[in-house]
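Q: What follows is a structure written as C-alpha cells; I'll ask about it next.
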C-alpha cells in the first residue's frame with residue numbers, strides 16, 4: 001500500500017476544509033474587472049478564447065437567452081435579441097477590458113508576492129486558530145461576533161444547520177490537525193494531537209449528520225494518523241513519542257457509532273443522521289440526499305484498509321451501488337433526494353451542486369485512491385450523462401458563437417431545465433474536471449464562477465443565470481472555488497490562477513473578518529459576563 005499517495009489524496013479531498021492552507025502556497029491578486037483576452041496555457045495547442053467581444057458573444061448560441069417557460073418544462077426555441085442596455089448580457093462582460101493590460105498584470109506572479117501572500121495566509125489561519133483556542137476550545141467552534149464557543153443547539157434539536165455539524169467534540173481542533181502540518185508547525189501539531197487524545201470523546205448524546213461527521217472528523221483523524229505514522233515523512237519527522245495509534249482508535253470508535261445509519265434500511269442507503277450514543281433517532285426521516293449518502297467511500301475505505309476490517313468500505317460501497325442502480329434509464333442521471341426504504345426519488349432535480357456534488361467527486365477520488373475500476377466506470381458514465389443533459393452553451397469551449405459552458409439543473413428523467421439558478425457548491429466541478437483530464441472545460445467553467453466572485457467579492461449561495469443576479473445573498477465561506485483554482489494552477493502553471501487565489505484571499509480578509517468593534521464587544525461580553 002502506498003500510504004504517501006493516500007495522504008496526498010486525503011489532503012486534496014479535504015481542501016474544502018483547509019482552503020487557506022492552499023492559498024498560502026501560491027493562490028491569489030486583486031484581479032481587475034476589465035480584461036478581454038485569450039488564455040494561452042501551452043497545453044498542446046490549447047488557445048482558449050474565453051473573452052470575446054460582447055456583441056460577438058450574443059450572435060445566437062447564448063444560454064442566457066435560452067430561458068425556459070414558467071414551469072421549466074420546455075426550452076424556448078427562439079428569443080428576442082438582447083439590447084445593449086439589457087441586464088441579460090453574457091457573464092463574460094465582467095471581463096471587458098484590454099488584452100495588453102491582462103498580459104502586463106497577470107502574466108507573472110513574482111516570488112516576493114508569493115512570499116507576501118504566504119505570510120498573509122498564515123496570519124489569517126493563526127488569527128482564527130489562536131482565537132478559537134483562546135475563546136472557544138473545547139467547544140466545537142468560535143462564534144466570532146460574541147467571541148464565545150458554541151456547540152450543538154440543545155434547546156432546538158431541529159436546528160440542523162448547526163446540529164448536523166457540531167457534535168460537542170471539539171470540531172475545529174480536530175479539523176485543523178493536518179492543516180498545522182501543512183503549515184510546517186510540527187510543535188503545535190503534536191500538542192494539538194495530544195490535546196485531542198486527552199480531551200475528546202465521541203460518547204456523546206449528540207445527533208449529527210453522517211456525512212458531516214465523516215468528512216470533518218473521521219477524515220481528519222485518519223489523515224493525521226497516517227501523517228504521524230508514514231515512514232516516508234512527507235512533512236518531516238512528526239512522530240510523537242509513545243503514540244500508540246490513538247487517533248486511529250478514535251476514528252474506529254466514531255465509525256462504529258455511525259454504522260447504525262446503515263442498518264434497517266431496505267436499499268442499503270444510510271439514514272442521514274445518527275445519535276452518537278443511541279443510534280438512529282426514533283423520529284428519523286427516511287429521506288437523504290445523494291451526496292450525503294454517496295460520499296463516504298474515501299474515509300470508510302481507508303479506515304477499512306488501516307484496520308484490516310472490510311465492514312466500513314463494504315457499507316459505503318453498498319450505498320454507492322444502490323444509488324447508482326436508481327439512476328434514470330433514459331438519461332443516466334440521478335436525482336438529489338431519495339427515500340432510503342423504497343428507493344423512490346423524492347427530489348428529481350439533477351445537477352452538479354448541492355445535494356449531488358460530492359457523489360461525483362468521490363467516484364473519481366475513490367478510483368484515484370483505491371484503483372477500483374468500478375468506481376471509474378461509474379464516474380465516466382456519470383460525466384457523460386452530465387455533458388449530454390446538463391451542459392448548456394456553445395458546443396466547443398474554445399470557439400464558436402454563444403456563451404462558454406454552463407451546467408444547469410434539470411429533471412433527471414426528461415433532461416428539461418427545472419430552474420435558472422446555480423449554487424456556490426457547483427464551483428468544485430472545474431477542479432473535478434481537472435482531475436479527470438478535461439482541463440479545457442474546467443478553464444471555461446472556472447471563469448464563470450470567478451466572474452461572479454469578481455462582481456460581488458464572494459460567491460452568492462445561489463446565482464440566477466437568467467437574471468444575472470443573486471437569488472440567495474449570503475456566502476458561508478465555501479472553499480470550492482479555491483480548490484478548483486488550486487487544481488487549475490497545478491495543471492496549467494498559469495500565473496493567472498495565482499492572481500485569482502490572491503483575490504479570493506484578500507476578499508476573505510476584507511469581507512469575512514469581524515471588525516475590531518465587534519471583537520472588543522465580544523471579549524467584554526465574555527469576560528464581564530454581560
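Any Cβ shown, glycine's included, is placed from N, Cα and C.
Note that the structure is predicted; figures quoted are calculated from it, not measured.
Pulled these from TrEMBL:
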ACT_SITE  212  active site, proton donor
ACT_SITE  357  active site
ACT_SITE  461  active site, proton donor
ACT_SITE  480  active site
Q: Quick check: of the active-site residues listed here (212, 461, 480), which one has the Cα closest to that of residue 357 (active site)?
A: 480
Q: Given residue 480 (active site) and residue 461 (active site, proton donor), what distance in Å do their CA atoms have, once rounded to a whole number?
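A: If we compare the Cα positions of residue 480 (active site) and residue 461 (active site, proton donor), the gap is 12 Å.
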Q: Output the one of 212, 461, 480 that, of all these active-site residues, has the highest number of other Cβ atoms within 10 Å of its Cβ.
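A: When each Cβ's neighbours within 10 Å are tallied, 480 tops the list.
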Q: Just how many other Cβ atoms lie inside 10 Å of the Cβ on residue 357 (active site)?
A: 25
Q: Round to the nearest Å and give the CA-to-CA distance linking residue 461 (active site, proton donor) with residue 212 (active site, proton donor).
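A: Just about 19 Å between their Cα atoms.
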